[in-house]
Amino acid sequence: MGLLERLRKEWFIAGIALVIAAARLEPAVGVKGGPLKPEITITYIAVSAIFFNSGLSLKTEELTSALMHVKLHLFVQIFTLVFFPTAIWLFLQLLSITPINEWLLKGLQTVGCMPPPVSSAVILTKAVGGNEGIVITPLLLLLFLGSSSSVPFTSIFSQLFMTVVVPLIIGQIVRRYIKDWLERRKPPFGTISSCVLLMIIYTTFCDTFANPNIDLDKFSLIIIVFIIFSVQMSFMFLTFLFSTRSNSGFTPADTVAIIFCSTHKSLTLGIPMLKIVFAGYEHLSLISVPLLIYHPAQILLGSLLVPTIKSWMVSRQKALKLTRQPKVPVKV
């Protein structure tokens, strides 16, 4: 694959680097009170636009079908919302005595609280040929993030309701009336959300670079990158072991969904949520750095592992098919 083709495919990751660089060059444009007025355009309009777009694109019939896999979803939700954040919290107790930037460590904790993305997890699952594990993560995530914030929980909940839940519901209602048109035209929902998300990331880093008191040391950043890759690989291996036990009851296709959906984290939901939950934090961009690293890391690791996992799944399915075939009696 050529460089241009790779950039075209991974344009969003390149876009993250570009908007951060743009924020570094001219932070005054996107700071609070600046020309872009992010306290209005980003906090309300941009976040609402992302979830209205999600409501338009969300196929309710597919979601209903996917939720029938009760055992699979229960496993993914427990791993994602209980085991993952708890394991990260315990790990951070050890890291707290190190010289690693404390705001990056807080960012690691928020990564642990995020739900899996419908986008990358489903794409990778489809690439292998497994089942889709669509997980809805409501109040538990808000409670976990809210407990770390100085913003009152009632304020967090009301803003999340107005900028996340309401636009999502409106998007679903509108979809019912223009469903046929959407199916024919197939608007680029993912591209639209990604562009809006880049705006949110840009304004977040504008606030950082406009503040001379914030400094990110390279040592902490390198260690965080290493930790993120290590955590992802360890948890993918762990979910593989759990879901392939003889008494687990999961099919090879279920295992594929579990591996990707239990360990991937949503940037689309995560960044807007951090903007709401940590509103007013001058270190908000540092808190968001681990999630911004986690996103391309999960795509990279997932892409590298797809051929291996697909090969395992096909061979496993063949082996299971052979064992279930009835034995033909031998005539004497």
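First residue shown is number 1, and so on along the chain.
Using the three backbone atoms N, Cα and C, a Cβ is placed for every residue, glycine included.
Because the structure is a prediction, the values reported are computed rather than measured.
Record features, source TrEMBL:
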TRANSMEM  40-58  transmembrane segment
TRANSMEM  70-92  transmembrane segment
TRANSMEM  150-170  transmembrane segment
TRANSMEM  191-210  transmembrane segment
TRANSMEM  222-243  transmembrane segment
TRANSMEM  255-278  transmembrane segment
TRANSMEM  284-306  transmembrane segment
Give the one range among 40-58, 191-210, 222-243, 284-306 whose Cβ atoms make the most pairs under 8 Å with those of the transmembrane segment (255-278).
284-306
Between the transmembrane segment (222-243) and the transmembrane segment (70-92), do 3 or more CB pairs sit under 8 angstroms, pairs being 6 or more residues apart?
yes
Near the transmembrane segment (191-210), which same-chain residues lie under 8 Å Cβ to Cβ, leaving out any that are not at least 6 residues past its ends?
12, 15-16, 19-20, 22-24, 27-32, 34, 36, 38, 41-42, 46-47, 49-50, 53-54, 267-268, 271-272, 275, 282-286, 288, 292
